[in-house]
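Below is one structure, written out as structure tokens; the observations come after it.
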Amino acid sequence: MLVLFVATWSDLGLCKKRPKPGGWNTGGSRYPGQGSPGGNRYPPQGGGGWGQPHGGGWGQPHGGGWGQPHGGGWGQPHGGGWGQGGGTHNQWHKPSKPKTSMKHMAGAAAAGAVVGGLGGYMLGSAMSRPLIHFGNEYEDRYYRENMYRYPNQVYYRPVDQYSNQNNFVHDCVNITIKQHTVTTTTKGENFTETDVKMMERVVEQMCITQYEKESQAYYQRGSSMVLFSSPPVILLISFLIFLIVG
């Protein structure tokens, strides 16, 4: 009788604890994974929650959130965000190397550049053509009208290869007129005797100017070498290096 009474009392207690229809958790949200329709289910039904495989949230593989492999967000490989594989490619690219402009190339071939194929000759800087009077009105007018056809740069070798100014100027005039004549003749333009006479005068003045410029630079370089090779200067430089290193 005692056992029957305990069993009956337990059955009545369970009946009182059963939820009534229409209350909480009846058809609403169930956890985990109950089969009632609707509501948010976890796992793995499609819904909207944090970390779900098919929903829309943070870190989901198919939803729309941050870092998702198929959704739309920042850094996704298939979505439409920054750096994503799909859509427009907003990937970073290495900056293209700057192209060398003609201005920089011209600067590299400035005054003092060794000219290939001329046996060590260098091409001087462009100069203004000197105003020269030839002694008669016809030649003066002819020069003013044709001076643009004459060289404005000279070819020369280093001044230390010549014993005096005359040798430098003579060689400078010959090679400059020869090169200018050959180049101009190749273009279909010929020079008359008057042109050659005027070119010789013009180029001679330019070669003298080039010699003076190169001589001054040469002596300045020599003075600098003598200054830095003197024992007191060497001792001073060594002392400064010792102070810096020490």
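Cβ atoms are placed via backbone N, Cα and C, with glycine included.
Swiss-Prot names the disulfide partner of Cys207 among Cys15, Cys172 as Cys172. The repeat '4' (69-76) scores a mean pLDDT of 47 in the predicted structure.
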